[in-house]
Amino acid sequence: MSQMNSTRLLPIQFFLLGIPGLEHLYLYLAFVFTVVYITSLIGNFTLLFIIRIDRSLHQPMYFFLCMLSSIDLALSSSTTPKMLGIFWLNSHEIYSEACLTQMFFLHSCAIMESALLLAMAFDRYVAICNPLRYASILTKWLITHIGMLTVSRAVALMTPLPFLIKKLPFCSANIIHHCYCEHMAVVKLACADTTFNNIYGIVVALFIVGLDLMFIIYSYVLILRAVFRLSSKEARFKALGTCASHIVAILTFYIPVVLSSVVHRFGKMVPIHIHILMANVYLMLPPLLNPIVYGAKTQQIRNRVKSIF
């Protein structure tokens, strides 16, 4: 009876294996990940600071950018410190409650980032297709409610995950073949039927990526149609130039997601360390590149950065 009861409980600790097969490269990976993480922190905090102090940047696009930077900071900080602990200090253990908390914030932030990219696509659509009504449509009230809806949707979709995992029986396995507590990596350890957990994860992923990406693509179809109606080539380039940073942000976020998902589902012969490295790229690339891309494309931000540094 006691043995049956023990299988109904989560292990006290999980063991994050890291990146199997690349143990000999841990110091190099630790150095690269540390540089990427510190650069991400500096870039996003600098972006938030500049937008905060420069009143000329108190516009809808930059409010959305502030939200995006905040989510990027939370996304990278939910996983990277523990990964660095594995690579630098050989610290593989993580308490089960901390593991579930990390999982919740990791997936919630990814959902929020997808929603913010959709909101920024809507911002570009209004700016190009309805420029005279831009200020009247994208009011502070609407921006605030978009932010609240972004957070609410992520929390509503991710709150069931920890509870679903707590209901699973775990026998003796507690070794997670990953650098962090990713949902499916933890579910695989359960010694029971996990069909519902698998379906829930797939449905949420398809719902988020599919729905958000579909609306983003639709927004850009309308944008391109409006741009090519402009009479001068200079006006077309200027209009498309305002979308360049956002397009790069979309590609940076969605391409690693799609590639990682395809490799995970169909790349049975791909080594596990490739799967894990691609998952790490998906988490670390957007927080690194977004402030660099937006900083490089926005003259006010570039000038502020020069004056600060």
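Each Cβ is built from the backbone N, Cα and C atoms, and glycine gets one as well.
The annotation transmembrane segment is assigned in TrEMBL to 25-50, 62-80, 100-122, 142-165, 199-227, 239-260, 272-296. According to TrEMBL, the domain 'G-protein coupled receptors family 1 profile' annotation covers 43-294.
Mean pLDDT across the domain 'G-protein coupled receptors family 1 profile' (43-294) comes to 88 in this model. Highest Cβ contact count with the transmembrane segment (62-80) among the listed stretches 25-50, 100-122, 142-165, 199-227, 239-260 falls to 100-122 (criterion: pairs under 8 Å).
Through the fold, the transmembrane segment (239-260) approaches residues 68, 113-114, 117, 120-121, 124, 127-128, 209, 213, 216, 220, 223, 226-227, 230, 275, 278-279, 281-282, 285-286, 289-290, 293-294, 297-298 of its own chain, all at least 6 residues removed from its boundaries and within a Cβ separation under 8 Å.
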